[in-house]
């Protein structure tokens, strides 16, 4: 069974144009070509990225955040309540009116207290600022010789995206969480596939286009959290310009043209051709999605806006209504157990 599946998976007709195959990628005459077995190297690199990231977040990032003035605000904690906690984790984080009434009967809480409990509990799930701070193409195909720099660029890039996918469960959950998952999976498949069939030149250009702007956005967010508004805004402007040029101009009109239009003038279309370009079109759809978010963020540069926020991040719910709710609770009298379990002598107003 496994042998048949392996034979089907590595069928040359799936990976190469007619007349070409794996034998064409065997090393000879002192020339080295990419091999599928090389991809195993990316696994220890991915593990190394995960270890380095944990060390960085627990040591360097904390000190750097303190140096830049990134301060954490104290959030009111939701009182321990097994009934509400169970409902929050298993059923819903946003109970409806009928469910709130039912929970009130079970816990003895008033509706305003239940609303407050769930609001505070949802805020506990959201990342704080400190957590955010720490986050010629076809000539000679497929006989394209491999440079040492290309080998390590591929392995490090693949290891990096694999580490992102491995750590997704512990990372900050932003509004584009699902899109990020699709992006990481598509990227890993693209890098792996382009390596196996020796699309080395195309793959290198695609990775360079994507790497050109990413570090600028992370830098802008770090300065944002540190309160360095002008530095954040200037870096974000540069990021937005580079992102639009690389993702919405160079990538679709140059890169995709080289992978979608030109190859069919040399070889007849084959499965690998459609698979590779299909993944590239998925990335382009994500580029458009993120471009919309970037434009929404750019609106904040208009007069009266002093900060650029990450549109992908959930905004923290506030407790500005807590005082009014507590006053209402006092008017209505104590709850069934004789006191409010949400009273907090250290109650503070959050953003």
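Using N, Cα and C of the backbone, Cβ positions are placed for all residues, glycine too.
From the options 207-230, 231-254, 303-326, the stretch TrEMBL describes as transmembrane segment is 231-254. TrEMBL lists transmembrane segment at one of the ranges 151-169, 170-188, namely 151-169. Look at the DNA-binding region (86-129): DSSP puts its residues at 33 helix, 0 strand, 11 coil.
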